[in-house]
């Protein structure tokens, strides 16, 4: 049993008395590599997908790998610059992307270990793309304005990435063997065609593909649309059968607290399911006061029953947005029996006391997921049949 005790407050720099807290028991945990830190970059999409692929290598018996995120990120920027130019400057050249971006870049250029290409070629021990992305946008805008890409344009782009991320390796030696990025990728045995992106929205037909309408889907990828319960069934089936899940969703809600190691979706409008003591107390509060109470994160409270309609309303009101990708590596339950998804983040290990992980409640995941990605064998047969996979 693993128990997280979440402190209720810090007063004047000293630790207050612990509240009852959230007590979690692991139901299933799938092996994962150590937590990394995307730092001052918008590259969660790559860190989450890379972590997912590293867990795939563990599952496949290939051993532990530390793959280079920035090798993939660099190719992603090259693809964005091309896309933006042919769209006459109307493309997306922001830092964000989705899981399929990793897969497309992997198929194009391969991959290398982190030790071969760290992607930090400046005076820092952490990633920081603030300056680099401004230059990327300036070069992209200039090319569109001039309506041409000269040989100097390509040199400028290469030199920009070489300056900030480092020169690309043509060949390298890893564990005594010589590779190119392509041959190293081949040696891993990862087939990008095996990975499927799944979503759940009511404005498109179920069991068909559609282009999820979020800004980071600049490659216009299509995803399979499932009923909400079946999307959740896939996540559970995957984790219970030794697979992990790459997750994209909204983390802007107050219920998402990386510091406290939880993401919750508490029910504060109806208190019928509250304990007798809590119900009597909450009935005297207005909704704002109830929210203030539950967001102290002192203990679990009943959560919202998320229906497809509730989920769709959040998406169409733009309160459920494409914020952040993370990696689901297990399932846990709190002391009340509520299910949570053990979630590996990419914000380092220093910002909370849970090793860079958090637990997201079933209700939160139902409401706030944009899409998930799994290995196709991690989808139950009945659902695969409906999708024609």
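Positions of Cβ are set from backbone N, Cα and C atoms, glycine also.
Remember, TrEMBL labels are computer predictions, not curated facts.
Feature annotations, courtesy of TrEMBL:
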- 1-19: signal peptide (SIGNAL)
- 31-129: domain 'Peptidase C1A papain C-terminal' (DOMAIN)
- 44: active site (ACT_SITE)
- 324: active site (ACT_SITE)
- 345: active site (ACT_SITE)
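What TrEMBL annotates, mapped onto the structure for a quick look.
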residue	record	DSSP (3 states)
44	active site	helix
324	active site	strand
345	active site	coil
Other C-beta atoms that fall within 10 angstroms of the C-beta of residue 44 (active site): 23
Number of Cβ atoms other than its own within 10 Å, given for residue 345 (active site): 28
Separation of alpha carbons, residue 345 (active site) and residue 324 (active site) (Å): 9
Alpha-carbon spacing, residue 345 (active site) to residue 44 (active site), which is rounded to whole Å: 9
Local Cβ density at residue 324 (active site) - other Cβ atoms counted within 10 Å: 23
Within the domain 'Peptidase C1A papain C-terminal' (31-129), residues counted as helix, strand or coil by DSSP: 45 helix, 5 strand, 49 coil
